[in-house]
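J.: My questions will all concern the structure given below.
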Amino acid sequence: MKVVSWNVNGLRKFRPLGDMFKQLNADILCFQETRVSGEWDDSLESLAFVAGYDSFFSICKEKRGYSGVATFCRRGVATPWNAGEGLRSKVGGASISFNEAGACGSCKFEVCPCEGKGCSEESMSLIEDEGRCVITDHGLFVLVNVYIPAVSVEGRSAFKMQFLHALLAKIEALRAKSRNVMVAGDFNICPSISDCAERIPQSLHMEWAMRPSRCWFRNLLSSTGSDFVDSFKEKHPFKMNAYTCWSEMTRARENNHGVRIDLIVMNRSLFTRAVREADIEAGVMGSDHCPVTVSLSDTEFSGQVPKQPPPFCTKYMKRFSVRQQTLTNLFLNKSQRYANKDATTTESIRPTTQNPLVPQSNASKSPLGVASKRQIRKGKEKPKNHTNLGLLSSPRFSDSASKKHDTLPPGSSKQSSVKSDENLWSSTQKADSDRKKETALAWRKLLKGPPPPPLCRHGERCVLNTVLKPGENKGKTFFSCPYPAGEGLNANCKFFKWAPFKAGNGVLPY
């Protein structure tokens, strides 16, 4: 059995999904950042129904086209026994509750944005409404598909830690029930410095390593904590330059200048028992992330799977269940109607010499009971055009007419007047052309325009960028090296220079 996790950065662009599923060839697919607009999104039907798979979607309820995760399970092979969305679901036989005191436990780290409060009921509702978790129970293990928040704006650091506390509480509750747990998704956590291509100064190593989210992850993998395993690192402990996410803005993928933040982790006993291989499929394009995979031993899944998916399956959504019920009723009524009709029609059939589909009046007019060919042709006749307009546009008529009317003896007064008119017209045209050139030259002297862009250390023209990050520099423009991020001669040389204008004032010449 193959499990794939991939932040697709929008699922619509992969439609139809069948081709992508054939390429990935997985039994369970966990997608993050699906960006479905809502349950009644017109595109949901084309995304949720893939031949041979059952889908389970968690959709963001706060913003349209934001966040969202989805799990697809191969029918008859990996159909789950139960499924649900959110960390508070009872899938796996374990549930968690929260209150203002932080029932998930006070913070174990000295520096934490959540200030030791854990997760309140209000914050947990916000976490659930963003559509960041789908849980499926596959018997041997409980699969948690997560999209952990990123700290992209101010105030999200506390939100991220609250989500992580809730996730840890769910994991511990499942482990307390002796359930194997697999967590797959976009963690937005870089586990170690070796998982990041960007060089971090030695003086900042300690600060970088002690960030709360990384402390949380180390505690998850600690033998004194949850004793979980990072599947890829466990299988490839010395593999370098293995990344799963690259910046599209800096074209970092061209030089493999990325970071490893997409992970599949599980409890150690499940890893030892079932995992055969773990890999990163960096060659799969279509997103700023790439898929990560684990392959499980087939002998561990020799048991039966349910014939029907659990109620949380997307096909049972209200919009789809109503359609299915209508079609079912339609076919039932149709079959019953045909059954009754067959019984009555058999008795009413009698031999006859006349065609019952053709009225008697029409049959008498024509031996075939239809309009004759003469009538059809008569109806299609077009009114005759007595004036032959084609002659007026023929070359013979035009040439003869022009010769008769335009040919004049040389030296006539009319011919000399035509020549003088042509000379006047050409002189006027030349004067207008000279005047336009003088005007354009005057404008060029008046509006010199911005200077050419500077050259980077490669000797190439710099590209113009705009600051989008909120702050005092938002909207300002700057020049930077056009090469992609990375290391080596063909990598970005870090050239930077502020441009003499801001974006939005109509002056963007490059």
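Cβ atoms are placed via backbone N, Cα and C, with glycine included.
Nobody curates TrEMBL annotations by hand; they come from automatic prediction.
Since this is a predicted model, take the numbers as computed values, not measurements.
So TrEMBL lists these for the protein:
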ACT_SITE  Tyr147  active site
ACT_SITE  Asp186  active site, proton donor/acceptor
ACT_SITE  His289  active site, proton acceptor
BINDING   Asn7, Glu33, Asp186, Asn188, Asp288, His289  Mg(2+) binding site
COMPBIAS  341-365  compositional bias 'Polar residues'
COMPBIAS  374-385  compositional bias 'Basic residues'
COMPBIAS  386-400  compositional bias 'Polar residues'
COMPBIAS  410-430  compositional bias 'Polar residues'
DOMAIN    456-502  domain 'GRF-type'
REGION    341-437  region 'Disordered'
SITE      Asn188  site 'Transition state stabilizer'
SITE      Asp262  site 'Important for catalytic activity'
SITE      His289  site 'Interaction with DNA substrate'
J.: Can you give me the same-chain residues 6 or more apart in sequence from Asp186 (active site, proton donor/acceptor) with a CB-CB distance under 8 Å?
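T.: Result: Ser5, Asn7, Gln32, Glu33, Val146, Tyr147, Ile148, Ile261, Asp262, His289.
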J.: Counting only other Cβ atoms and using a 10 Å cut-off, which of the recorded positions Glu33, Asp262, Asp288 scores lowest?
T.: Asp288
J.: By DSSP assignment, list the helix, strand and coil residue numbers for the domain 'GRF-type' (456-502), in that order.
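T.: Split by secondary structure, the domain 'GRF-type' (456-502) comes out as 0 helix, 17 strand, 30 coil.
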J.: Could you tally the C-beta atoms, other than its own, that fall within 10 angstroms of the C-beta of Asn188 (Mg(2+) binding site)?
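T.: There are 21 of them.
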J.: What kind of secondary structure is Asp288 (Mg(2+) binding site) part of, going by DSSP in three states?
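T.: The residue in question, Asp288 (Mg(2+) binding site), is coil (DSSP, three-state).
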J.: How many other Cβ atoms are found within 10 Å of the Cβ atom of His289 (active site, proton acceptor), counting all protein chains shown?
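T.: Around the Cβ of His289 (active site, proton acceptor), 22 other Cβ atoms lie within 10 Å.
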J.: How many other Cβ atoms are found within 10 Å of the Cβ atom of Asn7 (Mg(2+) binding site), counting all protein chains shown?
T.: 25
